[in-house]
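Novice: Dumping what TrEMBL says about this protein:
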ACT_SITE  H132  active site, proton acceptor
BINDING   30-34, 40-42, 112-115, 207-208, C263  NAD(+) binding site
BINDING   C140, C145, C166, C169  Zn(2+) binding site
DOMAIN    2-277  domain 'Deacetylase sirtuin-type'
Amino acid sequence: DKVLDELTLDAVARYIKSGKCKNIICMVGAGISTSAGIPDFRSPGTGLYANLRKYDLPYPEAIFQIDYFKKHPEPFFALAKELYPGQFKPTICHYFMKLLKDKGHLRRCYTQNIDTLERVAGLEGEDLIEAHGTFYTSHCVSFCCRKEYNLDWMKDKIFSDDIPRCDKCNSLVKPDIVFFGENLPVRFFTSMKMDFPCCDLLIVMGTSLQVQPFAGLVGRYCRSSFIFLKTIADPLFGLLGFGGGMDFDSDKAYRDVAHISTCDEGCLALAELLGWKVQLQRKQKKKVSAFLKCLCKPIYDSPV
């Protein structure tokens, strides 16, 4: 079913304001945090994987491989010290998703990010599916132990340049982020079965959708909804190969919208069309005290 009168950002705004768009799902990746100073993974020259030579890795992705981590944890914890949550502030894009929640439109945010900036911006456990885990909790890697540790414990270890080891069995302790070779949280799979059939609008931001099974979510949306794609990169980046059936500019295109800009610029543009721009800018200018207060929120549900 066609829900847009034209494939433009203005039409997306009209659809949201029409009252028919009640369940918006956001799918986000590292690109929404680059303006906060956090590098994405794959951008040539500036991405994280392009700047890991100092860690003497066999290949860049090894730093997030569970088997490599168990044998050589030092590179990961050195990187974690550089990128540790709490050193960066949310972006316009993060606050736009919080505004969607405040307006009653956000069904869920599915995020690949482990920087926790969605939480700092005000989204809570029920609003989020942290597909690749979180730094909020950590666990001993031993299957016979699995002792849990909190954010402060892990932070003390990382910033003391100590390799975190379990007080109980002396095995490695790893933040509950999902490494290559590990399963995604069970909640990722159970929630997508409930959320995507009732999706009215899917907003994809800051991700090249190159990592499965997260990328496969684009093929699960209800066929009467459509995808608004906004990214800092080429709009096509292989999406058609993931079975999402996206069509931006063919003669048969009827649903999918690509708005090419930075993530923050795109969110500001849509917010202006919705009449929310002033509110969004106010959210983005939260005081540092409010930012620090968010970091002290209690730990939410563990992904394992």
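The chain as shown is numbered from 1 upward.
Keep in mind that glycine also has a Cβ here, set from the backbone N, Cα and C atoms.
Just so you know, TrEMBL annotations never went through curation; they're auto-generated.
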Novice: Would you find the one among the binding-site residues C166, C263 whose Cβ has the most company, meaning other Cβ atoms within 10 Å?
Specialist: C263
Novice: Near the Cβ of Q112 (NAD(+) binding site), how many other Cβ atoms are there if near means within 10 Å?
Specialist: 22
Novice: In the predicted model, what is the mean pLDDT computed over the domain 'Deacetylase sirtuin-type' (2-277)?
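Specialist: Averaged over the domain 'Deacetylase sirtuin-type' (2-277), the predicted model reaches a pLDDT of 83.
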Novice: Whose Cβ lies within 8 Å of the mean position of the Cβ atoms of C140, C145, C166, C169, the Zn(2+) site, other than those residues?
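Specialist: What remains near the Cβ centre is V141, S142, C144, R146, K147, D167, K168, N170, S171, V173.
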Novice: Pick out which of the binding-site residues T34, T207 has the most other Cβ atoms within 10 Å of its own Cβ.
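Specialist: Result for the most crowded candidate: T207.
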Novice: Could you give the Cα-Cα distance between C140 (Zn(2+) binding site) and the residue listed as 'active site, proton acceptor', in whole Å?
Specialist: 18
Novice: Quick check for you: of the recorded positions H132, C145, C166, C169, which have their Cα within 10 Å of the Cα of C263 (NAD(+) binding site)?
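Specialist: Matched recorded positions: none.
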Novice: In sequence order, which same-chain residues at least six apart have a C-beta under 8 angstroms from C145 (Zn(2+) binding site)?
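Specialist: Counting only residues 6 or more apart in sequence, the Cβ neighbours of C145 (Zn(2+) binding site) under 8 Å are C166, K168, C169, S171.
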Novice: Measure the Cβ-based neighbour count of I114 (NAD(+) binding site), defined as the other Cβ atoms within 10 Å of its Cβ.
Specialist: 24
Novice: Neighbour count first, Cβ atoms within 10 Å, every protein chain included; then name which of A30, I32, C140, C169 tops the list of binding-site residues.
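Specialist: Ranked by Cβ atoms within 10 Å, first place goes to I32.
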Novice: What is the interatomic distance between the Cα atoms of T207 (NAD(+) binding site) and H132 (active site, proton acceptor), given in whole Å?
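Specialist: About 13 Å separates the two Cα atoms.
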Novice: How big is the gap, in Å, between the Cα of Q112 (NAD(+) binding site) and that of the residue listed as 'active site, proton acceptor', rounded to a whole number?
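Specialist: Just about 5 Å between their Cα atoms.
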